[in-house]
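Structure first, commentary second.
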């Protein structure tokens, strides 16, 4: 039964990964996410059912449109695989619960933010603002503090900490980070709560620093060139969602 549910969540993740790909293409372009249906970006032909099977369609079509032969971005495949794998992982770690359902919603949001910021350098208000309200509203069901008021307080102070810390960084660095990063840090705080927000931020900063150093050493990043920070914050958020409490307990145990 356990294996069956793991497979179910893997398939569900692949399907929603396909939806995330659509959101990542249309939201930055201010296009409707309702209509038209899925089409080839190159020739405009509407995709058939056989071309919409997550993961397998890309593999069988060898990454090209069946009608015009245009290349399909590899991102379409890796987003579906990553989302599927993370859905299965979340189920295995959290187990069937309201927390799992809410976590998967947040996971989809963070993957969408990851992709859009990586490709377009944008953290869209149309995603962030509604999700901030959603995170605060769902905190009594999601965060594992003692009681509704404690959960709301954890979410509020987590959001305030994330927003406030990144606002200070923004001011101190004279715009060294984007304004979208400030709002995203606030959203992550609302999701992860206090003090787990610091796990997310620390993870994001470490990964971002390592990536920047690697690009500099490889010569692929010029001095003064910026790299999107949202993807690293998204990875930090997912890390905090899964292991934030354990990491904080371990860290506090060192004191």
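Cβ coordinates are placed from backbone N, Cα and C, and glycine is handled just like the others.
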_Suppose you had to name the range TrEMBL annotates as transmembrane segment; which of 6-23, 24-41 would you pick?_
6-23
*Restricting to the same chain and to residues at least six past its boundaries, which positions have a Cβ under 8 Å from a Cβ of the transmembrane segment (229-252)?*
86, 89-90, 93-94, 103, 106-107, 110-111, 113-114, 116-118, 123, 144, 177-178, 180-181, 184-185, 188, 191-192, 195-205, 207-208, 211
